[in-house]
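Notes to accompany the following structure.
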Amino acid sequence: MAEGPYGRPVTASLTWQPTLSAADVDDIVSLLATAERADGTGPVSEDVRLTLRPDQRVGAARHLLAVSATGVEASGPRRPIVGYAHLGGALDSRQAEIVVDPGHRGLGIGRALATALTEALGDPPARLDVWAHGDLPPAAALAARLGFARTRVLFQLRRPLGAVAPLPEPQLPAGVTVRAFVPGRDDEAWLAVNAAAFADHPEQGRWTLDDLALRRAEPWFDPRGFFVAERDGQLVGFHWTKIHEVDETPPPGTRPGPIGEVYVVGVLPGAGGAGLGRALTLIGLRHLQAEGLAAVLLYVDEDNERAVRMYTGLDFTVHTRDVSYHWRGAAAD
C-alpha cells in the first residue's frame, strides 16, 4: 500500500483499466456528483464524461480507479471508488484529470493517483498535462509538491440573456449566408474547417468523425442550434450551441436551472471575412435567447486575447477558471 502525507497509509488500492464495467461507471458518476457538490465545480471535462460508458474503448485512453481498502472484501458487496483518474490524449502527449472523494481527501489518494499517472508515461516518457477544474488551492499545492508547473488557464465566461442584457444585431460579411448544420452531409466539411480554425489548439483541432459522432449521439445535440456559414458554397465558419438542462456551477445564492453554451465557434482562416466570428456568436446567442434561456456560458483560453476581447466586448465576464499543470519530470522537495 502506498503512503500518503507524513507516512499515513493510503486507504485505497489503485487499478488501471482499459474499459469500465456498468458498476464502475455508476460508481464514478456518483463520485463526480459528490465532488461537484463539495467543490462547486464539475471535477472533469466533457471529454472525460463521454468515455464513461460500459465496455467502451476510446483510443489510447485508460482509467485509474482508487478503490476503498477499508470496506468489505471482493467476495462481498462492491467496495466504493474513492478516487478516479482518466489518462487520455495521444501516446506522446497525454492529458489527464483527477478526482478524489471529498470524504477521503488528505489521505494521499490524490498524490498516489498523480504519481501513478507519471509512472505510466513510458520510456522515454510522454508529455503529461493534468487539468484541475475550479483552480482550487489544494490542487495547486499538490501540483507544486509533485513537480507540475501551471501552464494554461481556461476561463469559463458568462453573460445574461434577455431584456436585462440586449444583444446587438449580427452583421455578416458580404456574400456570407448562414444555415443549420445537416448531420451526415456537413460532417467532413465541418471537420476540415474545425481543424483549420483550431490548428494550434491541443484538443479541439484534433477532432475526428468519431468525436463528432459521440456528441451527435448525446441527448443535448440539436442541429437547429448548430449554425454553419457559407460563401460560394464553401463552409467558412460555424457556431455550435448547446443547452444544459441544469447549470452545474450556478452563481452563489441562485437555484440551478437550464443554461445555454457557446459550445464552439470557428472561422476558416482567411476565408470568412472581418467580423464573421462575432456575427456567428451573436446568431447563436439569439437562438439561445429565443429558446427561453436566461444565461449563457463559454470556455476560452486566457491567452487567446483576441477571443477574450471579443467576448468581453459582448458583456461576458469570468465565472470560473480551470488550470492545466504540466509535469516537469521530478517532484519538488
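Cβ atoms here come from the backbone N, Cα and C positions, even for glycine.
Residues or ranges marked as domain 'N-acetyltransferase 1' by Swiss-Prot: 18-170.
As annotated by Swiss-Prot, acetyl-CoA 1 binding site applies to ILE98, VAL99, VAL100. In the three-state DSSP assignment, the secondary structure recorded for ILE98 (acetyl-CoA 1 binding site) is strand.
Per Swiss-Prot, the feature domain 'N-acetyltransferase 2' maps to 176-333; the stated evidence is sequence analysis.
Taking the Cβ of VAL265 (acetyl-CoA 2 binding site) as reference, residues of its chain lying under 8 Å away and at least six apart in sequence are, in sequence order, GLY237, PHE238, HIS239, TRP240, GLY277, LEU280, THR281, GLY284. Annotation source Swiss-Prot lists acetyl-CoA 2 binding site at 265-267, 272-278, 304-309, citing sequence analysis.
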Checklist entry - Including all protein chains displayed, how many Cβ atoms other than that of VAL267 (acetyl-CoA 2 binding site) lie within 10 Å of its Cβ? => result 22
Checklist entry - Per 10 Å Cβ neighbour count, which of the binding-site residues ILE98, GLY275, GLY277, ARG306, VAL308 ranks highest? => result ILE98
Checklist entry - Under a criterion of Cβ-Cβ distance under 8 Å and sequence separation of at least 6, what residues of the same chain contact VAL100 (acetyl-CoA 1 binding site)? => result ALA35, ALA66, VAL82, GLY83, ILE109, GLY110, LEU113
Checklist entry - What mean pLDDT score does the domain 'N-acetyltransferase 2' (176-333) have in the model? => result 93
